[in-house]
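Enquirer: This is the structure I want to talk about, given as structure tokens.
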Amino acid sequence: MQFSPTNGDFTFVSSTDAEELSGTIDAPDITLNMGPESNRDTYATTFLRQRGYGWLLEVEEEESEDTKPLLEELDIDLKDIYYKIRCVLMPMPSLGFNRQVVRDNPDFWGPLAVVLLFSMISIYGQFRVVSWIITIWIFGSLTIFLLARVLGGEVSYGQVLGVIGYSLLPLIVIAPLLLVIGGFEVVSTLIKLFGVFWAAYSAASLLVGDEFKTKKPLLIYPIFLLYIYFLSLYTGV
């Protein structure tokens, strides 16, 4: 049946004239072939879980937040070591450095690096000098520590070990000068004395506190002798 509107804009056609559409879509059967190994893994997993051994299948994931840099793991603070080096090389109070941090906040890696550096420039083909310098550093610091405790000083062995190690820096500074002017005996001797006084003053000003009072020379003198011995290991005297 067909209707024609008066305005002629639309034409309506009955649905009986349209063809009916029908059909089916064949979907192939899809099977996942995981292989025999997958079946064995599934069976093993089920077997372990049924027997109460499921915890063997758990994988622990390491948290990245717990990982720390290597320097932090070894307790190495490069900024702190650099500041202590400046305190030792410039011991004058007028420069404004908080020099007591070398004594009150001792560390091991900084002094060890200084001692090893002094040992390396002292080798001159004699590798046994390295072990001698490290031995003198350890036992010389122990002697200064015991003497300081006997005199009533409130210092620890770690503090003495750090101060004595860092105070080797003046001897490292004068080492290149001795290589250049080694032929001038008078000038070379003056530089050696200056280096020893520099190192001894830097160490003594950190270790010898007000608690020693009139006993200061009793501790300053062995410190001075210790750095003379260090210098003798370098020069081969």
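Just so it is clear, glycine is given a Cβ too, placed from its N, Cα and C backbone atoms.
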Enquirer: I'd like to check whether Val130 and Lys215, as annotated in Swiss-Prot, sit on the same side of the membrane - that is, whether they share a topological domain name.
Expert: no
Enquirer: Kindly say whether the transmembrane segment (107-127) and the transmembrane segment (189-209) touch, using the definition of 3 or more Cβ pairs under 8 Å where each pair is 6 or more positions apart.
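Expert: Per Cβ check, the transmembrane segment (107-127) does not touch the transmembrane segment (189-209).
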Enquirer: What is the average pLDDT across the topological domain 'Lumenal' (182-188)?
Expert: 80
Enquirer: Out of 132-152, 161-181, 217-237, which stretch has the largest tally of CB pairs under 8 angstroms to the transmembrane segment (189-209)?
Expert: 161-181
Enquirer: Of the residues in the topological domain 'Cytoplasmic' (153-160), how many are helix, strand and coil by DSSP?
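Expert: So the counts come to 4 helix, 0 strand, 4 coil.
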